[in-house]
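Record features, source Swiss-Prot:
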type     : residues                            : note
BINDING  : ASN8, ARG19, GLY193, GLY214, HIS215 : 3-amino-2-oxopropyl phosphate binding site
BINDING  : ASP10, HIS11, ARG46, HIS51, THR101  : 1-deoxy-D-xylulose 5-phosphate binding site
ACT_SITE : HIS44                               : active site, proton acceptor
ACT_SITE : GLU71                               : active site, proton acceptor
SITE     : GLU152                              : site 'Transition state stabilizer'
ACT_SITE : HIS192                              : active site, proton donor
Amino acid sequence: MAALLGVNIDHVATLRQARGTRYPDPVSAALVCEQAGAEGITLHLREDRRHIQDDDVRRMRPLLKTRMNLELAVTDEMIAFAKEIQPQHVCFVPERRQEVTTEGGLDVVGQFEKVKAATQTLAAVGCDVSLFIDADLAQIDAAIACGAPTIELHTGAYADAETEEQQQAELQRIIEGVEYAASKGLVVNAGHGLNLDNITPIAAIPQIHELNIGHSIIADSVFVGLAQAVQHMKAAIQAAR
């Protein structure tokens, strides 16, 4: 069975915010993605609100027919917002104001008690909590100890590798992380920097449950349309196994 496709629609909002307009509407984009075959919709409400806005999340939540995967920093403000919205899934991610995009995995080891408390708080209101981490065994063990049922492994280093040797080394690290986490009973997702050129080796890993992909799909949609861009990525994922 192929991995599921979660489409991240953040960069529809990026395009809107670039001009301060009301269009394009990320809620409308999410519905198109669902109709095109996406099995979930991912969006990141950043502390600086650089793309997705609170109102986007509120409007989208009751309209989705699949699942909302809301990415958030581990802060009191964001935890309170998630308790209000109650998305099916919450993925805790690291966040730095000066970064262009999320640059690495969450350091669960270094802020264990904080992450554990946040995980338990949202689990108590019915959210399936995942932690966006690097494929590092210590971080995976910490995620387990937090009580998170799901992790999402950061594929950025694989996607950004400049040589074939580097990419293969990163792929092997991801495979080992996936296999270890799955052997411990975790649901394992993956994402960041994935596109049609590099998706196949990741999508071929049998234990990966879902792949969350955004920027490359939105970029491809400029040329082929959003529905077709989603379908192209879904076809590539399905062909990998």
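Just so you know, glycine gets a Cβ as well, placed from its N, Cα and C.
Projection of Swiss-Prot feature records onto the structure.
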| residue | record | Cβ contacts under 8 Å, 6 or more apart |
| --- | --- | --- |
| ASN8 | 3-amino-2-oxopropyl phosphate binding site | ILE41, THR42, LEU43, HIS44, GLY191, ASN212, ILE213, GLY214, HIS215, ILE217 |
| ASP10 | 1-deoxy-D-xylulose 5-phosphate binding site | PRO26, THR42, LEU43, HIS44, HIS51, ILE52, GLY214, HIS215 |
| ARG19 | 3-amino-2-oxopropyl phosphate binding site | none |
| ARG46 | 1-deoxy-D-xylulose 5-phosphate binding site | ILE52, ALA73, GLU95 |
| GLU71 | active site, proton acceptor | THR42, LEU43, HIS44, LEU45, VAL90, CYS91, PHE92, VAL93, PHE132 |
| GLU152 | site 'Transition state stabilizer' | CYS91, SER130, LEU131, PHE132, ILE133, VAL188, ASN189, ALA190, GLY191, ASN212 |
| GLY193 | 3-amino-2-oxopropyl phosphate binding site | THR155, GLY156, TYR158, ALA159, ASP160, HIS215 |
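Taking CA atoms as the reference points, HIS11 (1-deoxy-D-xylulose 5-phosphate binding site) and HIS192 (active site, proton donor) are 13 Å apart. When other Cβ atoms within 10 Å of the Cβ of HIS51 (1-deoxy-D-xylulose 5-phosphate binding site) are tallied across all protein chains shown, the result is 21. If you compare every pair of Cα atoms in ASN8, ARG19, GLY193, GLY214, HIS215, the residues listed for 3-amino-2-oxopropyl phosphate, the longest distance is 25 angstrom. Counted within 10 Å of its Cβ, the other Cβ atoms near HIS11 (1-deoxy-D-xylulose 5-phosphate binding site) come to 21, all protein chains included. Secondary structure at ARG46 (1-deoxy-D-xylulose 5-phosphate binding site), as computed by DSSP, is coil. Secondary structure at GLU152 (site 'Transition state stabilizer'), taken from DSSP and collapsed to helix, strand or coil, is strand. Neighbour counts of Cβ atoms within 10 Å were taken for the recorded positions HIS44, HIS192, HIS215; the minimum is at HIS215.
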